[in-house]
Amino acid sequence: MEKSASNGEVTAVPIPDSWNFEPNERLLGLMSLSVRGVLARIKAEMVAGGGGGGRPVIPMGHGDPSAFPCFRAAPEAVDAVAGALQSGEYNSYSTCVGLEPAHSTGLSRAQGHNKQKLNPAPALCVQSLAIEIVCSVLARPGANILLPRPGYKFYEARAVFNGMEARYFDLLPEKDWEVDTDGVQALADKNTVAIVIINPGNPCGNVYSYEHLAKVAETARKLGIFVIADEVYAHLTFGERKFVPMGVFGAVAPVITLGSLSKRWLVPGWWLGWIVTNDPSGVFQRTKVAASIRTYHYICSDPTTFVQGAVPNLLENSKEEFFQKTIKILKESADICWEKLNGTNAITCPSKPMGSMFVMVKLDLSCLQDIKDDMDFCCRLAKEESVVVLPGRVVGCKDWLRITFAIDPPSLEDGLDRLKSFCLRHSKPAQ
Ligand SMILES: *Cc1c(COP(=O)(O)O)cnc(C)c1O
């Protein structure tokens, strides 16, 4: 760079050819298929296409209900954070990653382990980091990890970024999205380190029975692999099946459970999660997995201290009515989805959601006359109807859609009606 003498401005000079640089290629490979990236592309097309006649946008693409007044955080949770902040005790760097033992029982209960005392105490972490931490700890050279399809993209991203191979087992739509355990056995080999189970499920809305989870644990035992139980939707169930924590099978196969405030407390922006190990036989101690999880905190950031400081009061003061209200709205929304989607041509909904905030539906493109695939469907739907849904390919199933129903019920009805008129308008004429 050279300064021109007269006014101090920098004059551009050509960049020398020798100055070439390639960014981390693992990242370049991940760019195309993130939930955020694809939704941003759909929204950009919607805006460019004039945005569906100026009607309000119905966001059924990603799971963040906190924008809707009916899904506001509980005042008890807000008070807990405000109290922690006002106490003046949480302005320092965070000094530890675990909760005080006296408080870990609250977290343990939040995760569904009513009587179990957790040892070691859960480690608090920035929520998405729980996935990063676990994938980093397990990623020894040559390792592979078994992930559900459809699934949650972040696992693949984190596994691959750490040099692990991601292998996919199917969830079976005709069996309420149960794990294909035969498929799991066929996939695994001596380098398989773990299997990921998301229950209640994103993107399928599945809730697994005790018997099915027992079968998954037995399969993991047979294969000698760990179970990573993503339970960020713990207790968000509204069908007949109650949530069963995977940790109850810790004696069958060692379980690493990931939990979070994000979904159940409706505060994804607070960014607080936890890692709990359930392993009465001490496998994680013996294999240094537990120590590695703690050590990983040396090289990653901690959650904001006043949110950490709020956890004991937040758990203590959260009211059952708050959770019941969320579940009541989600149940109503799931019913609306089931009814309206089943009345929409070109769409099949194989299984009624029983938990979480999502449902997977299959597109029958042969009924539609001018739609190429799921991506095309979503872009056109956004452009013509201002309705945003996620193309199934992003969660591993091309020509499916993932629909988020955690929005206020009147908007949901509006959105699904627009989806229906879109499908009708693009239907092939009857032969
Ligand atoms: C939302 C979610 C998480 C946690 O994500 P954060 O945005 O970091 O709170 C983890 N797993 C699944 C399956 C999720 O849907």
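Positions of Cβ are set from backbone N, Cα and C atoms, glycine also.
What TrEMBL annotates here:
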DOMAIN    57-419  domain 'Aminotransferase class I/classII large'
MOD_RES   Lys263  N6-(pyridoxal phosphate)lysine
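Using a 10 Å Cβ-Cβ cutoff, the residue listed as 'N6-(pyridoxal phosphate)lysine' registers 26 neighbours. Here the domain 'Aminotransferase class I/classII large' (57-419) returns a mean pLDDT of 92 for the predicted model. DSSP assigns the residue listed as 'N6-(pyridoxal phosphate)lysine' to coil in the three-state reduction, placing it in neither a helix nor a strand.
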